[in-house]
Amino acid sequence: MRGPLGAVIGRYTSSDGSAPSDGIIKHNRKCRDITFLVIFIAFWVSMIVNSSFGFNQGNPLRLTYGLDYEGNVCGSKHHHRDLNQLELRYWLNPNQVYESGLKDGALKLANARTICLLDCPEPSDDTLNWVCDYPDGEIRLKMNDWIDRNYDYFEFLTPEMRNSSLQLQGPCYPVIFPSVNVYWSCQYIARASNSSLRHWQQMGGVNIQEDMIIDKSIRRSMNSRASVLKRYVADIGKSWPVLIVCGGLVPLFLSIIWLLLIRHFVAAMPWITVVLFNMLLISVTMFYYLKAGWIGNDAVTPIIGEHDPYFHVYGRELTHVRGVAILMTFISVVAILTSIAIIRRILMATSVLKVAAKVIGEVQALIIFPAIPFAMLAIFYMFWISAALHLFSSGQVVQNNCNNTNCCAYDLMLKKVNCDHCCGYSIRYTPHITIAIFFHLFGCYWATQFFIASSATVIAGSVASYYWAQGEASPEIPFLPVFASMKRLARYNLGSVALGSLIVSFVESVRFILEAIRRRTKVSGTTPDHWFWRMGHYTSRGCLKSVEWTIKSVNRNAYIMIAITGKSFCKSSAIATELIISNILRIGKVNVIGDVILFLGKLCVSLFSALFGFLMLDSHKYRSSHNKVSSPLLPVLACWALGYIVATLFFAVVEMSIDTIILSFCQDSEENQGNAQHAPPLLLETLDSNQEEEVQRLTH
């Protein structure tokens, strides 16, 4: 049995009638859970080391652009070749592309000869166009001159070079097929130009395959899971201005506005929140319908720039957008029905929010305090996203092994056809890079939970001072209780906050790993068919989700008791849980309804951020040229997630105010034989009426 906390958090007199020396908030504290604070600091050092590896080895341009026949990344500057303007990857030899598409073909598309160009070449109607290798050796041309000549110096070739070119061994290759820019790679269109093909045959060139395979081979490579994942990650890097505006500034502004409205128009805010949530959800769903091509003609397309309107290229991104559109439709229907179901309880939520509004009005520093963790998180996310882009693009550019294939090509430096080092290049990822990426993702989640928990603990400490002073100005309450609470957190309780955030992060990581295993087994077709194994699988998923929800709820109450009592995380969790169980009939329904309204408010802010992100990404800057995003899906999702995190920081002012007052009320009631002495009248009335309803329901 725990002892009474009156001397710790209450204004109770001692046996001789004098006031206790500890005051409202306990001051004679000591550091708690120091071991986990040390672990957290060590983890941050590891994060810096892990990120430095990414900055040293990675190049985010690899996520967008391909490699040429020398292993250079298109669109970047190298020590011996400046390819800054040459962003498009083009496959020079159409027969190699054709062979890579055959089921039993020995040549892979990664070994087909590629070059970086400024634009996709087109066949001529009256002559034969050529695309030649970078000018080297006897070809005395500068790169700019080579570009100005449309990559063609066939007229300067020696007879030996011309003969090897007619054998499709370079250094010049004919432009027989038209091509279109698909995600910075020139996609062949399997319609050979009759004029160019006739000129090629008249010159004695080897036979060129014209089958549809030449089109499908490149398309299959562009739609591989690895390629799609790289483009999604690259979209985050390209849309960084959108993330700053829609993931930072917009939710910051909206959250502050929401807090001010709660302060002055608390009676109307639950109704406004519910209506606005449904409107925003439907609006975002409609935008997904637009990008899915089900409304209008603005579907996501993989083609960049102008092209034949009758030519269509399939991309996985469109399938993903359509899947999300269907999911959003289902969520919208469920949300509307749920909103109708909770209408009767909105009045109860209004009563609780009024108490929180009064606290905000008295402790006004609470409105601006979340700007401090917001600024810290903003700095962290900028560092984290930059490091993530470099980690995802890290690896070594190595030449492939294709000894069993015929990839011979003319070498301008050696002045002969070379068959020894003609394989293509690829980026080789080692297992430790995968581990580094997962470590980086876990670090983001833990750091986010840590900042949110720290903010919640500071708010709880400030509100507790207000409650136990009965809402009056008291010399025992510091002039700026928020900063006093911050001082106590930094000095004594960072270890406890690190432990609580670590537990949540660990459980969420286990859920993520199990879900990844489930998806992989489903894709590979090894999902267990027996009903017993399926039941065990779904049961474990449900249990983990329940455990995660329970831990988050317990943690939030534990942070309140940490702020008030200064106890360790585990001890504070036990105290908070005992208080809630003892008073579940009085606080259960009120707390749940209040949390639902606040959750809808967070979703309103995050959905508005997502909607604004859609509008920004729909501008010309992100629909064409080198800034084009492959799909708005991940940037919009990132804006939604960042908006939700920012809203969580600011809405914690109301959320933690309600929870802190309710927990303080429970303790107050327990130490005064069921009659809370310090509770605001409105809260007391709301909780008592809720208890009467529950008793009546149970008796009937």
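Each residue, glycine too, has its Cβ placed from N, Cα and C.
Curation plays no part in TrEMBL annotations; they are all automatic predictions.
Pulled from TrEMBL:
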type: TRANSMEM; residues: 34-55; note: transmembrane segment
type: TRANSMEM; residues: 240-262; note: transmembrane segment
type: TRANSMEM; residues: 268-290; note: transmembrane segment
type: TRANSMEM; residues: 324-343; note: transmembrane segment
type: TRANSMEM; residues: 363-384; note: transmembrane segment
type: TRANSMEM; residues: 450-469; note: transmembrane segment
type: TRANSMEM; residues: 489-514; note: transmembrane segment
type: TRANSMEM; residues: 596-617; note: transmembrane segment
type: TRANSMEM; residues: 633-654; note: transmembrane segment
For the transmembrane segment (34-55), give me same-chain residues lying six or more residues beyond its boundaries with a C-beta closer than 8 angstroms to one of its C-beta atoms, as numbers and ranges. 383-384, 386-388, 390-391, 394, 436, 439-440, 443, 446-447, 450, 494-496, 498-499, 502
Count, for each of 324-343, 596-617, 633-654, the Cβ pairs lying under 8 Å from the transmembrane segment (240-262), and report the range with the highest count. 633-654
Counting CB pairs under 8 Å, which listed stretch among 268-290, 489-514, 596-617 touches the transmembrane segment (324-343) the most? 268-290
Find the member of 489-514, 596-617, 633-654 that has more C-beta pairs under 8 Å to the transmembrane segment (363-384) than any other listed stretch. 633-654
